[in-house]
Ligand code: AMP
């Protein structure tokens, strides 16, 4: 039986990196609203342009747009999702619960990735990704072996996000504390929240998450 999990944590906590591991190791499907919105903005539509402005400022896009994107993806079927960067508000959490119930599924685990603010600033300011395969790098902690070339797929399309700068990070962190951090209490009360130390090495964090997933009785 498939499981569904949420990776919850501030920008730079390592949600995307861990989601990529889980795709490989557990065959789960990643649903990143950030990636979906970046796709929408590159489409050049009116909606895409509005979304781009909001994202570049570091603010949250409206619940309506984001829930619509998730509804569309879930409607395409599939089993076993990693929600990465969603939900980010209580309204989104309620909407997700309703959508899962409609599908006869549930959120099995919420992984809270704990990282202190100073580490987030350092992580975000050196981050870049491969535009082709999505591998995540960092200038100081995980540079490419050959400058300008992705280790995984050999692409030279390495990109930095427009919102990975000090100014918009400040807003993104404030949005996290004001609107997203209440979800920690929400899922704690629901009984499926597990904190992990997001400051540990990537493999160590992955192992901690693995332990949580292995404890889910429906995992097979
Ligand atoms: P991320 O890639 O998850 O860091 O998201 C990048 C940006 O996309 C955020 O700073 C928001 O502007 C927007 N975004 C992503 N996911 C959501 C969400 N669930 N709700 C609202 N805005 C979102």
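Any Cβ shown, glycine's included, is placed from N, Cα and C.
Residues annotated as ATP binding site in TrEMBL: 12, 13, 14, 15, 16, 17, 127, 136, 137, 200. For residue 137 (ATP binding site), the number of other Cβ atoms no farther than 10 Å from its own Cβ, over all displayed protein chains, is 18.
Residue 88 (AMP binding site) carries neither a helix nor a strand DSSP state and counts as coil. Taking the Cβ of residue 88 (AMP binding site) as centre and 10 Å as the limit, one finds 20 other Cβ atoms among all the protein chains shown. Sequence annotations record features per position, and here TrEMBL assigns AMP binding site to 33, 38, 59, 60, 61, 85, 86, 87, 88, 92, 161, 172.
Under the three-state DSSP scheme, residue 150 (Zn(2+) binding site) falls in the coil class. Annotated Zn(2+) binding site per TrEMBL: 130, 133, 150, 153, in sequence order.
Counting same-chain residues at least six beyond the ends of the domain 'Adenylate kinase active site lid' (127-163), those with a Cβ under 8 angstroms from any Cβ of the stretch are 12, 16-17, 20, 38, 55-56, 58, 169, 172. Annotation comment: TrEMBL describes 127-163 as domain 'Adenylate kinase active site lid'.
Sorting each residue of the region 'NMP' (32-61) by its DSSP state yields 22 helix, 1 strand, 7 coil. The feature region 'NMP' is assigned by TrEMBL to 32-61.
Only residues 6 or more beyond the boundaries of the region 'NMP' (32-61), in the same chain, are considered here, and those with a CB under 8 A from a CB of the stretch are 16, 19, 69-70, 73, 84-86, 88-89, 161-163, 167-172, 175, 179. Assigned with DSSP, the residues of the domain 'Adenylate kinase active site lid' (127-163) fall into helix, strand and coil as follows: 0 helix, 12 strand, 25 coil.
All protein chains included, residue 150 (Zn(2+) binding site) registers 21 other Cβ atoms within 10 Å of its own Cβ. Only 86, of the binding-site residues 14, 16, 86, 153, place a Cβ under 6 Å from an atom of ligand 1. Residues 130, 133, 150, 153 make up the record's Zn(2+) site, and a Cβ search at 8 Å around their centroid adds 131, 132, 134, 135, 151, 152, 154, 155, 157 from the same chain.
Around the Cβ of residue 14 (ATP binding site), the number of neighbouring Cβ atoms within 10 Å comes to 22.
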